[in-house]
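To start, the structure itself, in structure tokens.
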């Protein structure tokens with residue numbers, strides 16, 4: 001008997017599972033806001049050089065602007081250059097002038113505040129020579145996500161799923177408020193780093209808790225609901241950012257709710273799977289009895305004892321190793337193949353995803369509209385993903401979306417730049433495919449790894465996703481060498497990742513979760529040899 005049989009006995013997908021899943025996925029939706037928040041808080045409004053402080057002309061005077069700031073090839077005032085001396089001859093009709101000496105903006109900049117009343121760019125002048133600091137801030141956030149994946153993935157297997165999750169809620173609420181309060185760019189980067197760390201702590205532990213409390217038949221829907229929560233988060237971000245334009249208030253608006261999540265998270269029970277595998281059987285029984293009561297199976301819950309509960313997980317419980325290290329992810333052939341493949345797949349999915357989604361201003365439309373479009377496109381994409389994951393399987397779904405997204409990105413190279421609507425629509429479709437494969441991959445990874453190292457495995461895989469997030473801006477800079485290189489890079493890695501899934505990963509649809517490394521190795525041997533019979537020698541690897 002497997003642990004999922006016990007959950008079926010206690011009501012299957014009942015009231016507890018529905019409430020529990022909803023309470024965990026609500027914070028995940030706002031977590032998506034933080035992932036894309038800098039598209040708005042670090043938006044770059046149109047700007048040009050400020051006039052000298054000893055000049056009496058108004059800075060927005062059309063005549064003064066025309067005489068002091070050269071125009072670029074599109075007829076727009078240059079953002080980072082001005083004439084060393086006013087060129088008054090340019091005020092005459094049909095007059096052009098070339099060869100005048102220019103210099104950088106020595107007295108600051110004037111920003112068009114009609115769309116963005118304030119951003120970190122306008123507050124700290126992160127333009128021209130300092131424009132790389134804007135990207136640096138986002139890279140620091142992603143570095144926090146990277147460190148959080150390593151730290152919280154390991155802690156969750158040692159301390160349980162609940163404790164790191166509760167701490168992550170509190171850390172995000174406090175760090176988000178501090179980001180909005182302090183007035184220096186260095187403080188902004190530090191607190192954004194701390195916020196980034198919580199991303200992995202929340203998403204990984206939320207998914208593990210949902211999967212480990214969910215019977216087999218409900219896991220697919222639960223994983224897809226996580227994807228829809230991210231979609232809703234992107235739509236919420238577009239609406240909130242449209243209504244709240246000043247960046248500090250926007251930052252606070254999407255951070256404060258996590259204090260509420262922190263308060264109610266104390267009620268959430270720890271995973272009974274984890275409790276049983278770590279010798280805390282009494283607490284596991286108490287949690288299961290609470291589940292039985294909420295699901296209307298009080299009598300079944302009262303009959304539970306430590307011995308009965310252990311019988312559902314006895315084989316796996318007897319084989320659990322007392323120590324967990326990163327080497328466990330490579331200790332047996334089955335685990336090693338899964339880990340190496342997932343390293344490639346998570347990195348490739350992430351580098352292509354963030355390459356498309358993190359700079360909405362490049363499309364030339366309202367970023368509020370583009371953000372909403374990028375969220376809406378996920379709805380039909382994930383509906384298709386849900387159907388194929390239920391009726392076809394996880395492996396085919398992940399591989400198909402990755403390959404399709406890669407082909408769309410590559411095809412986008414051949415769309416003329418004077419068709420921005422078509423380029424935007426095609427990019428949105430590619431992003432929808434990548435978002436769907438990302439969410440499917442979270443569920444797929446949780447099902448591939450055994451319970452004793454599930455969090456460590458998901459944390460390790462997530463580390464490579466964050467490396468992909470860090471690499472995406474570097475791939476984008478290759479466009480300075482050749483415009484086609486970023487598209488080739490994003491598209492090729494996505495296609496190769498899809499092929500890797502088809503070649504090296506096994507299907508997990510409708511299979512019970514594996515509890516230990518030894519059980520996973522036995523499953524591999526049975527798949528390779530249907531006549532395989534377990535013995536003491538091949539149970540230990």
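Note: Cβ is positioned from N, Cα and C throughout, glycine not excepted.
TrEMBL: automatically predicted annotations, no manual curation.
Looking at 98-116, 117-135, 250-268, 269-287, the range tied to transmembrane segment in TrEMBL is 250-268. In TrEMBL, the feature transmembrane segment is placed on 427-445, out of the ranges 313-331, 427-445, 446-464, 465-483. Residues 396-415 are the range that TrEMBL records as transmembrane segment, among 76-95, 396-415. Of the two recorded stretches, the transmembrane segment (223-244) lies close to the transmembrane segment (363-384), with three or more CB pairs under 8 Å once pairs fewer than 6 apart in sequence are set aside. Within the same chain, residues 345, 348-349, 352, 356, 381, 385, 388-389, 422-423, 426-427, 429-431, 433-434, 436-437, 440-441, 444, 483-484, 487-488, 490-499, 501-502 sit at least 6 positions outside the transmembrane segment (396-415) and bring their C-beta atoms closer than 8 Å to a C-beta of that stretch. Remote same-chain residues near the transmembrane segment (165-184) are listed as 27, 34, 148, 152, 191-192, 194-195, 197-198, 201-202, 205-206, 209, 248-249, 251-252, 254-256, 258-259, 261-262, 265-266, 268 (criterion: CB distance under 8 Å, separation of at least six residues from the stretch ends). Between the transmembrane segment (338-357) and the stretches 136-156, 427-445, 484-505, Cβ pairs under 8 Å are most numerous for 484-505.
Residues 203, 207, 211, 219-220, 222-224, 226-227, 230-231, 342, 345-346, 349-350, 352-353, 356-357, 363, 370, 373-374, 377-378, 380-382, 384-385, 389, 394-395, 397-398, 401-402, 404-405, 408-409, 412, 457-458, 461, 494, 505, 508 of the same chain lie 6+ residues outside the transmembrane segment (427-445) yet bring a C-beta within less than 8 angstroms of a C-beta in it.
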